[in-house]
Amino acid sequence: MATPHIDAAPGDFADIVLMPGDPLRAQYIAETYLTDVKQVNRVRNMAGYTGTYRGRRISVMGHGMGIPSVSIYAKELITEYGVTRLIRVGSCGAVRDDVAVRDVVIGLGASTDSGVNRARFAGMDFAATADFALTRALADAADKLGVTTRVGNLFSADLFYDPRPDTAELLRRYGIVGVEMEAAGLYGVAAEFGARAATICTVSDHILKGDSLDSSARERSFDDMMRVALDAVLLDDQCSNIGEVDA
Ligand SMILES: O=P(O)(O)O[C@H]1O[C@H](CO)[C@@H](O)[C@H]1O
Ligand SMILES: O=c1cc[nH]c(=O)[nH]1
């Protein structure tokens, strides 16, 4: 049952996993918001935990940086551990004038310069879209918590340090709400294997203005986003009636 990348036992993961890129952000979420926490993955230090949030069993695990990395973890969680819902809880860069550092954005879709979805979709363009109900749950949870969000198109970049001088301006003109490195791949994996996926990100940089948060802030300070994602799980359960409630 263990995979080359995850050494958890069968049943160690809940049916829903919150996934930050940073495994230390996963540890922060588990330690801050979950009770009865058990660490369920240690391979490559890609920490994974399962615990309880308001009576609901939830897992949280890092997925690393970039589409190849998230694709491995998401695929194995779905096909080997029975995970049916994945919510990426990430950081992203802003390009729009009306999106600032620490704003929260939700990825309805994800454009990309990666070729992975063409590889899996017979060379055609796959519209990488989030699960609608999970996305609505994120937006509704944010409204209830008073957290302002922008829901729109992310750009999942292969290169964090993009040498092309005009990319950010192009993305700005097309209304991209955040630049990150995984959502398009995550949505492709979810489509391929029949799972539901969504993405919420906190803006850590403004690419055109040069604003930037430090690594500690990216690890431990995105609490608005974390609370929204956790409450969205409960809202999504209410809509789909499939919650895993601890006895
Ligand atoms: O903070 P995370 O969730 O890792 O997300 C963003 O941060 C990393 C780059 O610094 C990439 O993984 C990007 O998608
Ligand atoms: O991929 C990312 C993540 C955070 N900030 C960026 O500029 N890009």
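Note: Cβ is positioned from N, Cα and C throughout, glycine not excepted.
Per TrEMBL, the features are:
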type	residues	note
BINDING	His5, Glu180, Met181, Glu182, Ser204, Asp205	purine D-ribonucleoside binding site
DOMAIN	15-214	domain 'Nucleoside phosphorylase'
BINDING	Gly21, Arg25, Arg44, Arg88, Val89, Gly90, Ser91	phosphate binding site
ACT_SITE	Asp205	active site, proton donor
SITE	Arg218	site 'Important for catalytic activity'
**OP:** Using C-alpha atoms only, work out the spacing between Arg88 (phosphate binding site) and Glu182 (purine D-ribonucleoside binding site) and round it to an integer in Å.
**Re:** 9
Original post:
Under a three-state reduction of DSSP output, how is Val89 (phosphate binding site) classified: helix, strand, or coil?
Top reply: strand
Original post:
If you run the three-state DSSP split on Arg218 (site 'Important for catalytic activity'), which class comes out?
Top reply: helix
Original post:
If one looks at the chain holding Ser204 (purine D-ribonucleoside binding site), which residues at least 6 apart in sequence have a CB under 8 angstroms from its CB?
Top reply: Ser91, Cys92, Gly93, Val101, Ser212, Leu213, Ala217, Arg218
Original post:
Non-local Cβ contacts of Arg44 (phosphate binding site) (under 8 Å, 6 or more apart, same chain)?
Top reply: His5
Subject >> Alpha-carbon distance [Glu182 (purine D-ribonucleoside binding site); Gly21 (phosphate binding site)] in Å >> reply: 9
Original post:
Considering only the recorded positions His5, Arg88, Val89, Gly90, Arg218, which possess a Cβ situated under 6 angstroms from at least one atom of ligand 2?
Top reply: none
**OP:** Around the Cβ of Arg88 (phosphate binding site), how many other Cβ atoms lie within 10 Å? Please give the count over every shown protein chain.
**Re:** 28
**OP:** Can you see whether DSSP assigns Glu182 (purine D-ribonucleoside binding site) to helix, strand or coil?
**Re:** coil
Original post:
From Arg44, Arg88, Glu180, which binding-site residues have a C-beta atom under 6 Å away from some atom of ligand 1?
Top reply: Glu180
Original post:
Here are some binding-site residues: Gly21, Gly90. Which one has the most Cβ atoms within 10 Å of its Cβ?
Top reply: Gly90
Original post:
Of Glu180, Glu182, Asp205, the binding-site residues given in the record, which has the fewest other CB atoms within 10 A of its CB?
Top reply: Asp205
Subject >> Cα-Cα distance linking Gly90 (phosphate binding site) and Met181 (purine D-ribonucleoside binding site), given in Å to the nearest integer >> reply: 9
